[in-house]
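Swiss-Prot has this to say about the protein:
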- 1-64: transit peptide (TRANSIT)
- M65: N-acetylmethionine (MOD_RES)
- 81-297: domain 'YjeF N-terminal' (DOMAIN)
- N131, N132, G133, G134, D135, G200, F201, S202, F203, H204, G205, A206, D238: (6S)-NADPHX binding site (BINDING)
- N132, D196, S241: K(+) binding site (BINDING)
- E247, G248, D249, H250, V325, S326, P327, K379, Y436, R440, S444, R505, L506, H507: pyridoxal 5'-phosphate binding site (BINDING)
- R321, V322, N323, Y324: substrate binding site (BINDING)
- R374, M375, V376, L377, F389, T390, K395, K396, Q418, Q453, S454, W499, R509: FMN binding site (BINDING)
Amino acid sequence: MRNVIRRVTTMTFTFLLQSPPLPISPSPPQFSLSSSPLSKTQRFITPSQGSRLRTLCTKVIIPNMQDSGSPPLSYLTQREAAEIDETLMGPLGFSIDQLMELAGLSVAASIAEVYKPEEYSRVLAICGPGNNGGDGLVAARHLHHFGYKPFICYPKRTAKPLYTGLVTQLDSLSVPFVSVEDLPDDLSKDFDVIVDAMFGFSFHGAPRPPFDDLIRRLVSLQNYEQTLQKHPVIVSVDIPSGWHVEEGDHEDGGIKPDMLVSLTAPKLCAKRFRGPHHFLGGRFVPPSVAEKYKLELPSYPGTSMCVRIGKPPKVDISAMRVNYVSPELLEEQVETDPTVQFRKWFDEAVAAGLRETNAMALSTANKDKKPSSRMVLLKGFDENGFVWFTNYESKKGSDLSENPSAALLFYWEILNRQVRIEGPVERIPESESENYFHSRPRGSQIGAIVSKQSSVVPGRHVLYDEYEELTKQYSDGSVIPKPKNWGGFRLKPNLFEFWQGQPSRLHDRLQYSLQDVNGNPAWKIHRLAP
């Protein structure tokens, strides 16, 4: 077994490296590097309209039933769970493989929400002979595609085509299958996550070999917690194996999973779950079923395949860290012009699916050197500088009138990248501000008139009332005048720093500084210690 694991772990399984190369448009539509005036040729940045990365799970907090004032949450009996399955696969037309695929994807999405592959890459899925085991096989396949390194222990294989097909799919991905005999004695040394997919809500009686021994081994891992030794986290699919479906772990000697992924709706035993992470998956319950069984369940936001139930665990902020895995940032590989290098990174961030790639932290200081920061949106850039728009009488506008220097910070988490830019700031010509103002949606134009930015208002209703009044005033489509105190700023860079996160905090930092070379300005690249 150790040789199998050793062979597989020599391969690099990170999400970034498994994904296809990020497409970079040779002629990005968001901006231009033309040296012509901004108002004539530089196209402003617009939000990305699509992404090839989809959110599979979004954290939504639903307080526990025990908490006062919490919303109701339904729990199913064993009989109700079976009836719902029969209804789904009967008159409602669902197939078993369809439900299994959705359930397994929900389990994988829940795991990926909490246990990132950079730190929890080695996953052992222990699968039973029934539908719960099938969910585990599907989850393992999705985890492989998410960048994890799954191993499968499937001691009692089912000969039905559905299950043999799932095995074939995993074989085609070279996912290793490990027998019970080949499992290491100490699971804590070879695995970071163990998926308990042995038994589901239809299980009765006591577990039989080899599952009784496997359950005991998972229970024994909990002893590591008492000795503060590192141990794999346990994720149970729908029911912690060995628990009574309704009464839970009534002898208090069973598996105590770190995560429970309830499917369709939580079963009664989930009331006794005390782990830090409880998720709901299986986004396929039709309204007719919810109404018949009076199901009160949290909503799945957006395109999410799972949703958190209960309060998230308390977090030790000092222990929060990410082990970055990224390509190296080398001097010989970057562009000599930092604006061109920024454009390349910006394109890659857009292609990676960031929602607001142009969001940046703008830091200013007033005449007394008192700093202030806020998030704003970059609206254009070229070799002449980086442009954003605001109210000149706002806090940032006031700071820049007193001290016309600023720093910008872009943070693109999904790529482990940051870019810092510093330099003097000036107002852009009024004509450019006028042109951009009238390119905005009419609602935004009216909003700029309504908002005397950073001034005190007695209530939100004041803004709404003025907005409604102006909307009626300009409902005929007439030109909305740009406020005199509204316009753009341009930062002319004299320093860039490109930061790429790396393992063990040995990050790459390349700084471009503008220097005088033979009477001409030139960019000099230095590597900075992390």
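In case you wondered, yes, glycine gets a Cβ from its N, Cα and C as well.
Shown here: features listed in Swiss-Prot, placed on the structure.
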{"residue": "G133", "record": "(6S)-NADPHX binding site", "CB count, 10 Å": "27"}
{"residue": "D135", "record": "(6S)-NADPHX binding site", "CB count, 10 Å": "33"}
{"residue": "F201", "record": "(6S)-NADPHX binding site", "CB count, 10 Å": "24"}
{"residue": "F203", "record": "(6S)-NADPHX binding site", "CB count, 10 Å": "20"}
{"residue": "S241", "record": "K(+) binding site", "CB count, 10 Å": "26"}
{"residue": "D249", "record": "pyridoxal 5'-phosphate binding site", "CB count, 10 Å": "18"}
{"residue": "R321", "record": "substrate binding site", "CB count, 10 Å": "8"}
{"residue": "R374", "record": "FMN binding site", "CB count, 10 Å": "13"}
{"residue": "F389", "record": "FMN binding site", "CB count, 10 Å": "21"}
{"residue": "S444", "record": "pyridoxal 5'-phosphate binding site", "CB count, 10 Å": "11"}
Please report the number of other Cβ atoms within 10 Å of the Cβ of N132 (K(+) binding site).
-> 25
Using C-alpha atoms only, work out the spacing between Q418 (FMN binding site) and Y324 (substrate binding site) and round it to an integer in Å.
-> 13
Can you check how the pLDDT averages out over the domain 'YjeF N-terminal' (81-297)?
-> 93
Tell me, if you would, which residue among Y324, Y436 (binding-site residues) has the fewest other CB atoms within 10 Å in the structure shown?
-> Y324
If you skip the near sequence neighbours and keep only those at least six away, which residues in the chain come within under 8 angstroms of K395 (FMN binding site), Cβ to Cβ?
-> T364, S372, R374, S454
Proximal residue to R509 (FMN binding site) among binding-site residues N131, S241, Y324 (C-alpha distance) | Y324
Greatest Cα separation in angstrom, residues E247, G248, D249, H250, V325, S326, P327, K379, Y436, R440, S444, R505, L506, H507 binding pyridoxal 5'-phosphate per the record, works out to 67
Spacing of the two Cα atoms, F201 ((6S)-NADPHX binding site) and R321 (substrate binding site), in whole angstrom, works out to 37
Surrounding CB atoms that lie within 10 Å of the CB of P327 (pyridoxal 5'-phosphate binding site), all protein chains = 13
N323 (substrate binding site), number of other Cβ atoms within 10 Å | 12
Including all protein chains shown, what's the count of other C-beta atoms within 10 A of the C-beta of N131 ((6S)-NADPHX binding site)?
-> 24
Three-state secondary structure of L506 (pyridoxal 5'-phosphate binding site) from DSSP?
-> coil
Return the member of D135, F203, D249, S444, L506 nearest to V322 (substrate binding site) in space, with distance defined Cα to Cα and candidates limited to these binding-site residues.
-> L506
Intrachain C-beta neighbours of E247 (pyridoxal 5'-phosphate binding site), sequence separation six or more, cut-off 8 angstroms = L268, C269, R272
